[in-house]
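Per TrEMBL, the features are as follows:
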COMPBIAS  327-342  compositional bias 'Basic and acidic residues'
DOMAIN    7-706  domain 'Major facilitator superfamily (MFS) profile'
REGION    327-358  region 'Disordered'
TRANSMEM  43-61  transmembrane segment
TRANSMEM  73-93  transmembrane segment
TRANSMEM  99-119  transmembrane segment
TRANSMEM  140-157  transmembrane segment
TRANSMEM  163-183  transmembrane segment
TRANSMEM  554-573  transmembrane segment
TRANSMEM  585-608  transmembrane segment
TRANSMEM  614-639  transmembrane segment
TRANSMEM  651-671  transmembrane segment
TRANSMEM  677-700  transmembrane segment
Amino acid sequence: MKGAVLVALAASIGNFLQGWDNATIAGAMVYIKKDMALKSSVEGLIVAISLIGATIITTCSGPVSDWVGRRPMLILSSLFYFLSGLIMLWSPNVFVLCIARLLDGFGIGLAVTLVPVYISETAPSDIRGLLNTLPQFTGSGGMFISYCMVFSMSLSVSPSWRLMLGVLSIPSVLYFILTVFFLPESPRWLVSKGKMLEAKKVLQRLRGVEDVSGEMALLVEGLGIGGETSIEEYIIGPAEEFEGEAADEKDKIRLYGPGEGLSWVAKPVTGQSSLALASRQGSLINKSMALMDPLVTLFGSVHEKLPESGSMVFPNFGSMFSTAEPHVKNEQWDEESQRGDDYTSEAGGVDSDDNLHSPLLSRQATSMDKDMVPPPSHGSILSVRRHSSLMQGNVEAVGNTGIGGGWQLAWKWSEKGEDGKEGGFKRIYLHQEDIPGSRRGSILSLPGEDVHGEGEFIQAAALVSQPALFSKELKDQRPVGPAMVHPSETVSKTPIWSALLEPGVKHALIVGIGIQILQQFSGINGVLYYTPQILEEAGVEVLLSNMGIGSESSSFLISAFTTFLMLPCIAVAMRLMDISGRRRLLLTTIPVLIVSLLILVVFELVTVSTMVNAAISTICVVVYFCIFVMAYGPIPNILCSEIFPTRVRGLCIAICAMVFWIGDIIVTYSLPVMLSAIGLAGVFGIYAVVCIVSWIFVYLKVPETKGMPLEVIAEFFSVGARQAAKGATN
């Protein structure tokens, strides 16, 4: 995954520049106030106007990025950073300085809003949390380097605040070069525009493998919005296990194993899967706590039942789905060799193979595949390559039918049912259930071992819904796979704004907006912008007076030391983000924030001694920063980049980001006034109350999304929204 890691690092430079700017403006304001004799209201305006710029640009950044792509917007962000640095270096008066800060806010808004989206759309699901914590790490790294620079400048006879601010242009040049010459476009955005060949090449580069057919199919399926999703259970095992059972053949999915002539069958069952149980009983389980979101139970049931072997799921099942019907010839489609004029991309057919053919999975037949004759079945047939990458080693590779996080993608065909329901293709996301007795024999055998024995089966939960690009009108003309319509033919027909009314999207917006509001009103950005002033008011100069360092330089030095301590804390969070998960990290770290804030309030109100109070205040601020950046700092942006469907991700992110920046403006602009009115104790007391509310909100409403493909997360929100509606009705 080296390609995905390097791309995430390059994109995170935008957040490095944001951290750099946060620190430099915090230090420069000490000298700007003296140089221009500013009042507190004007001081707040200079700091907050960049937030106003971020809010303005955010209102359109999401929809525009859905239109032109993520990469062009990141390039534009680097240009805003560069231009604002040059103007701040010149800044003859407050008016010009405010214009420069406004442009700087444009760059910050684009970077903070779109970098998490870009990383989420390019990262493998198993390390998505780790890579999406990189922006927090680089942002804190930028603050540390910038505070070191400001501290060194503060030791001079006449520090230049213009030079402090103008240095921003230098790293922004590197950001521009990387965005133009190194960053690829998001493969999910490319698929949404029908640019299949380009998306495939980007995925191959990011994953470091040639066969990305399974993930390509996943990205296509992620284009759907608002489909009816049901949770079903299957027992998957050798065909002989189900012989003699009076089960209708069309209710089965037939799977072929690696051995010649050996087939596996998925049989629908009920009352077995913990996931389905959580879905059916979600409202009952949460009756004792009526405010608990059923979605939290649903997501939790997946993570609690992961197999002990990690993400290795169905390791012997391979790479290519094709649909067989008794009356239709089983045509084998190849993404590269089978080309047609009916499936053209936005490029107008310039690249003739930039197209989508039905299951969108490459056909690389082995001699075993060629010799096998599929039996008549209405089920989906899974042909397996003997040397499939899923069979190599003990770790699941993303690709083939594996889509990451222990999930597999499949389809099935069903005729019109006796209940009158319309038949057709159904998309299935399969997830192995780690239930005692569900894995016996050698079904999880290593490569080269024979698969034999009695009573061998795997129990799996399945999210079943309508394929994204299946057209009922075309099913009689060419029933060869679920993806019968090219993405470029459907993307412009979807009313994006109306999609916000879909239950799953509305549910996700409640979670995203709620956690962004609470994060901002926990006060972190206000504290970051005014760290030097807060530490100076806390009496930090007492701690360093014996060293002959003045109060201003002392506050800069303590700020640099604080941001330095953040880095190992964020490194720990990066390690835990995909292991412990987002939800557990929040529930564990927020109480530490509350305690540190309450201790700070107590020692502000009760004076022990000047030295003790200054030391306690400084320690509390340091602990608050370090714990905040471990979880509550990065996780809201990570969650918002994960929980929305592909087609509305940019728009929904823009809505959440706009809430984020409005909250940031309110907190930042009001902090100087609040410090004057109620003092440091009152300010941090309010922040402590907000943190308590935040913990309650996370416990009741925020699900665990670690390791899950983005498309599966969106399906879960659709199911959870219906469960919440049922609970409200009951």
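Any Cβ shown, glycine's included, is placed from N, Cα and C.
Keep in mind that what you see is a predicted model, and the values were worked out from it rather than measured.
The transmembrane segment (73-93) is in contact with the transmembrane segment (163-183), judged by 3+ CB-CB distances under 8 Å for residue pairs 6 or more apart in sequence.
Taking pairs at least six residues apart, the transmembrane segment (99-119) and the transmembrane segment (43-61) share three or more Cβ pairs below 8 Å and count as touching.
Sequence-distant contacts of the transmembrane segment (140-157) (same chain, at least 6 residues past either end, Cβ-Cβ under 8 Å): 15-24, 27-28, 163-164, 167, 171, 528, 552-553, 556-557, 559-560, 563-564, 566-567, 570, 629. For the domain 'Major facilitator superfamily (MFS) profile' (7-706), the model's pLDDT averages out at 74.
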